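Record features, source TrEMBL:
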- 61-77: transmembrane segment (TRANSMEM)
- 83-103: transmembrane segment (TRANSMEM)
- 115-133: transmembrane segment (TRANSMEM)
- 165-208: region 'Disordered' (REGION)
- 173-188: compositional bias 'Basic and acidic residues' (COMPBIAS)
């Protein structure tokens, strides 16, 4: 009974982790491409450049995962050893990210294992493995397939929290500002007129 219960608990825990991973993947996918209306051309070239920079900063993890999946897919048919090595290296990078989240104030992680240093070591390992395996053509093919997708997504993905407010919202905000200004003006007028009223009431009346 004890062994069966442990097996059931382990199976339930694995199922919970799988469900949590599926929910996280669904949320990430919904944020990356929520609906067709979330994609629209920018007003001009300057607006497109600003939007692209903001989206590259916001969706950098999504773009990295997309490019990484394309690279692994290009290596899978003929370079399986490289795929295994790169997957192991990516797991090490994920462990480092988990440690950063678990210990955000750790001086050891911040000083000795800086993010830029870890990223540089990871990129160096990936490039060294690809060159050693003779898979530079696969890397170029993955970049040729992924970079245009990233550029198009970054240029056309509309960010609701970064775009300007809608005309209706701007009109409502203008009405609220106007109403608050009127209220403040009235209050200021009452404050200014108050002492005058009180002084007039307190002043002695001259006999007629």
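Residue positions begin at 1 at the first shown residue.
Glycine is no exception: its Cβ is also placed from the backbone N, Cα and C atoms.
Where the annotation comes from TrEMBL, it is an automatic prediction and has not been curated.
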Worksheet, complete the sentence: Tertiary contacts of the transmembrane segment (115-133), defined by C-beta under 8 angstroms and 6+ residue spacing from its ends, are 75, 79, 81-82, 85-86, 89, 92-93, 96, 100, 139
Item to complete: Take the transmembrane segment (83-103) and find every residue of the same chain, 6 or more past its ends, with a Cβ under 8 Å from one of its Cβ atoms.
Response: 68, 71-72, 75-76, 109, 113, 115, 118, 122, 125-126, 129
